[in-house]
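Listed in TrEMBL:
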DOMAIN    5-230  domain 'Orotidine 5'-phosphate decarboxylase'
BINDING   D11, K33, 60-69, T124, R185, Q194, 214-215  substrate binding site
ACT_SITE  D60  active site, for OMPdecase activity
ACT_SITE  K62  active site, for OMPdecase activity
ACT_SITE  K62  active site, proton donor
ACT_SITE  D65  active site, for OMPdecase activity
Amino acid sequence: MSQDRLLVAIDTAELDGAVRLARSLAGSAGGLKLGLEFFSAQGPQGVAKVLASGAKLFLDLKFHDIPNTVAGAMRAAAALGPFMLNVHASGGRAMMEAAVAAAAEGAAKARKPKPLVLAVTVLTSLGDEDLSSVGQHGSTADQVKRLAVLAQKSGVDGVVCSAREVAALRSECGPDFKLVVPGIRPTWSAVQDQKRIMGPADAIRQGADYLVVGRPITGAPDPRAAARSIAQEIAKGADKGAGA
Ligand SMILES: O=C(O)c1cc(=O)[nH]c(=O)n1[C@@H]1O[C@H](COP(=O)(O)O)[C@@H](O)[C@H]1O
């Protein structure tokens with residue numbers, strides 16, 4: 001089903017608002033994503049309350065630290081029962097390997113299914129000039145590819161990248177490597193702070209597995225209708241393209 005490939009980012013600090021959205025989006029999206037804003041305000045107890053709505057959860061905490069610290073954080077995060085967790089690929093191979101092992105340990109200890117572990121390549125809010133300003137010269141596309149290849153060697157299940165890199169990563173990393181894509185903007189939505197964007201149908205045509213969409217849905221007058229409209233666009237992309 002096309003909506004299975006849609007993950008809705010619920011970026012809020014408020015518990016009631018998050019639970020309300022989770023309930024109203026049930027059946028209209030494949031899963032929800034809770035990230036740093038929600039986790040910093042509501043912690044693991046808040047995550048458990050959203051999970052109680054029955055949603056599949058991508059817990060987006062983007063860990064980036066020394067391997068031992070990331071391993072400890074991943075163990076704790078996996079015990080909460082998300083279906084997907086992430087780290088920054090730029091933390092390096094040893095950190096990603098530690099994250100993968102710790103996610104499996106944490107889930108097993110809590111008797112939860114092992115989550116997918118993803119590595120964030122280059123944030124979709126960044127472009128070539130931003131990379132260059134932090135001393136990383138060369139194109140964003142090359143940097144994304146370099147990090148995705150390293151991530152795959154480190155044993156993660158897939159990467160977070162923009163839709164613009166999906167086709168290249170699909171051919172580089174193969175059909176089973178998960179490509180999770182934020183920076184999705186339907187024509188009717190505002191770009192906001194995203195830079196490397198694409199519409200839902202085109203992102204799916206490029207070969208994305210999951211699309212992460214936040215404000216175009218959560219900021220819409222009717223979030224459920226907005227999610228359904230994006231699911232229809234996903235269906236169009238899956239009809240015409242190579243799909244995942
Ligand atoms: O890891 C992520 O989910 C992520 C990576 C990235 O490169 N870009 C990115 O936007 N995200 C997340 O995806 C969501 C996008 O939200 P909107 O821009 O509101 O659609 C946010 O929750 C971001 O934290």
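Numbers here mean position along the shown chain, with the first residue as 1.
From the backbone N, Cα and C atoms, a Cβ is placed for every residue, glycine too.
Everything TrEMBL records as a feature, shown here on the structure.
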residue: D11; record: substrate binding site; Cβ within 10 Å: 17
residue: D60; record: active site, for OMPdecase activity; Cβ within 10 Å: 24
residue: L61; record: substrate binding site; Cβ within 10 Å: 19
residue: K62; record: active site, for OMPdecase activity; Cβ within 10 Å: 16
residue: H64; record: substrate binding site; Cβ within 10 Å: 16
residue: D65; record: active site, for OMPdecase activity; Cβ within 10 Å: 14
residue: P67; record: substrate binding site; Cβ within 10 Å: 18
residue: T124; record: substrate binding site; Cβ within 10 Å: 25
residue: G214; record: substrate binding site; Cβ within 10 Å: 19
| message | Near ligand 1, which of the recorded positions show up if the criterion is a Cβ under 6 Å from one of its atoms? Options: L61, H64, D65, P67. | response | none
| Neighbours of D60 (active site, for OMPdecase activity) among the binding-site residues P67, T124, G214 (Cα to Cα, within 10 Å) | none
| Taking DSSP three-state, what's T124 (substrate binding site) in: helix, strand or coil? | coil
| request: Determine, from DSSP, whether H64 (substrate binding site) sits in helix, strand or coil. | output: coil
